[in-house]
Amino acid sequence: MPTNGRDVDLMLQEKMVDLLPARNINLTDKKRFITTRTLGFLQYGFIESLNERAKKSVAILDRSGNFYPHFLEHPEYEFAAVYREFDCLMKAFEDGDISHAFVNQSLIDNHYYGGQGVKFKPATPPNDMPLKIKLGMELRKDSEFLRRVLNTVLKITTDAELKQLMDRHNKVTVQYGVDKETVVIWALGGVCLLLVAVLIYIVRTGHLTRTIKRKEYETQIRQKQNKWLSSVLDQLPNKILISDDNNKQILANKPFINMLSRCNVDKSIPDDEREQVLKLTRECVNTDSESSETSLCSLGDKHYRVRKQTLLHPEEGAQYCMTVFDDISELKQKETALKASNLKAMQAIEAREHFLAVVSHELRTPIAAMLGLMELLEQDLERSESKELLKSAMQSAERLQLHVNDILDFSKIDANQLQLDVHAGNVYQELGSTLRSFEKAIEQKSLMFELNWTPTPHALVVLDWLRVNQIINNLLSNAVKFTEYGKVIVSVHVSKNQLEFSVKDTGCGMSTAQLAALFQPFVQGDKSISRRFGGTGLGMSIVKSLVDIMEGSIKVESQKEQGTTIKVQLPMTSQPLDLTALVPVYTESNQVQRWLNTWQVTLDEFGSKHHVVEVDPHYSNVYPDLILQKLNRNTTTQSPLELTEAYHWDGRVLVVDDDAINRLLFKRQFEKLGVNCQLAASGIEAIEVLEQAQSDNTITSFSLVITDCHMPDMDGYQLTKALKADSKFASIPVVACTAENSRNVIEKAEHNGMETVLFKPYNLGDLQALCEQYLSRAFNSERQEDWLEDYSYEEKLEMAQVICEALSNDIALIQSGEESLKSIAHRIKGSAAALNLVQLGYVAMQCESSVGSEQETQARTALINELETIVSTTQQWLEMSESN
């Protein structure tokens, strides 16, 4: 009975069959089935694939699925692949998936000797692998009688008889001869192929005939088209030549032939022009792709633009060169005329510029003289009527000067000759002075002036400040001129990349028609405005032109009798102002406080009021440049100490600082205050000085130690810890001196046992306050003068020498890299603040803040240059002093 894919054990159990012949009796499930005695043995063989690139692996062929466990018991073949079909095994051999296989020996013999040996060959089996498997018949448990019968039969059957039966089952039959059916099939196939070949020949011959006829027709059509194309090309004014790769003429129109004939015949044509034209007709574009070249040539009184184009035939793929001569003689004549016209125009512009320069000099010079003389005359006049007349005359002269400036600027703008002078400037100072000048003029007209300046740290702005102030001047002049009642409001906003300001007034305003003509030159709103207010009508035209040149924008909003608002935006670059190193500042003004917070200036929260900044009472608005000026005066400018009585102090002060300039300043300042001062260059030297003073009874002990916070080997904090840990010096007060941010330093100073902090830059008043707190004083009978004013010549020489030596050492340290750039810049910043070297302090501050950023190299170079400039200037003074 065929299995049809069913499990044979299940078929036996369900009594679909009575026995299963040739089973591996070693694997029989004894609980469900019984087996007969040994029927014989199934002999397996070992074969090897002929594919040399086959993967080294072993497979098992078991068509019944009953014998492969015999091989899996061996550890080496535990994971061997099992195939159920011989053809699948042969396919795996062919693909190289396996290299060896265990196969029923009878199958090996049948296929190997039957012509299938090309895919495998017999191989020597492993020695430790038994290849014989016991065979028997498998029956159900209830078939005991049948088993006894079968065992009896098998018992009386000899081994030879069993082998004979197996050989008959495995017998291979080979027949030789001709299969008639196969012969007939092949014959019919050959006849069919012959018929197909004949049919293809007939079809192909007909197709070729039709193709030839079509080609002949297309050739006739192409000839007609070429003839028509030639007639069209002959009508064109351009000279056209088409040639192949060998410079052989393929097509040329009549204008080209006529030009070539003239080139060869006309003797008046120069030889170099003739050679150039002939050369251009012979050369092709040197490229393999479609491209073009353009050149110029002349032929007698004719001028040509020569274009060469590479063409590819759409069907043949051949490459051709098309040369086109365009007659540009008329264009050349116009170009010559245009150059002559431009030359005349440039000469006219130069003449105008010369005239304007003369007018500028001849008008501005007497105007300036008039204003100067009238200013001197004003001081000598006593009668109010005379002063009023003179004031009117001065206003007329100033108005005339403004008109002359407007005309000259407009002429430069109109000729596109106005050049911007872009440079870095302090936006507070540039705008502040201009706005303050208008504040007084507006208030004199009984108008209110309101300034809304948004606090911003962006102070160093790169712009043409002359033109920016010119724009603001024109806008504010118009606002004041056209406003009779109400107020003028100016708003300023400075961001990182943009300056924005607006001027708003409550004046007469403008209609829609007046707005449309606002930026036109020499145009006023109407005749009544010109008669009433005067002016040239150039102001807003110049403003618009300047804004456009600076790549900015201007927007105007206005209503009749309601007023006008003009907003200007200018692109720019800026850098923020860094004032974090300043000492705490006290102010009662909320507006000033907002500016200080924006600049990150520390506020005096404890109300000590050592440095106070308030609003200037002379102005009704807050100007940041005035706040900054007061900050510099209070915190960075070293003001002299004014004393009503001179006195000296009992006790000694030890100053510890690694910078020679700082030590020199302390020495001179304490000498001016009458304080006995001793200097130490490091924390270690300071301890040695204190030890010596402690052991020598003839030396006055120290009452105060002032130490820099940042020093090599032992900084100020470490020095303070060492002093406070020693009982001999624990009672000596220690004051820190630094230019660092006050909030961090105060906490660190208190943590290390310092009494207070002296912030750089300091002045004589600060040192006097320390002396009053930690020293006792005794008054002298003679009055002392300011120490900055009464330096002797020798002292000045000493200071100059120390400055040169100290700054030269700083330059060497920066260049050698022995000390960190941040530490050197911090030290220089403190020294510069103490010496009131503002530029050096700013450069050092920029260098300190840029360490570790992309601008570090640039800032380092700038600091070295500034130091070298100061050293060079000081050395020149020393040389001049020595020579004198």
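Placement of Cβ uses the backbone N, Cα and C atoms for every residue, glycine included.
A quick note: this is a predicted structure, and the numbers were derived from the prediction, not measured.
Confidence annotation: the domain 'Histidine kinase' (358-574) carries a mean pLDDT of 81 in the model. The annotation domain 'Histidine kinase' is assigned in TrEMBL to 358-574.
Look at TrEMBL and you will find 652-775 tagged as domain 'Response regulatory'.
Here TrEMBL flags 780-881 as domain 'HPt'.
Feature annotation from TrEMBL assigns 4-aspartylphosphate to Asp708. Around Asp708 (4-aspartylphosphate), the C-beta neighbours below 8 angstroms that are at least 6 residues distant in the chain are Val656, Asp657, Asp658, Asp659, Asn662, Asp715, Gly716, Cys737, Thr738, Arg827, Gly830.
Annotated phosphohistidine per TrEMBL: His826, in sequence order.
Residues annotated as transmembrane segment in TrEMBL: 183-203.
Taken through DSSP, the domain 'Response regulatory' (652-775) splits into 58 helix, 26 strand, 40 coil. Residue counts for the domain 'HPt' (780-881) under DSSP, helix first, then strand, then coil, are 78 helix, 0 strand, 24 coil. His826 (phosphohistidine) counts 22 other C-beta atoms within 10 Å of its own C-beta, drawing on all protein chains shown.
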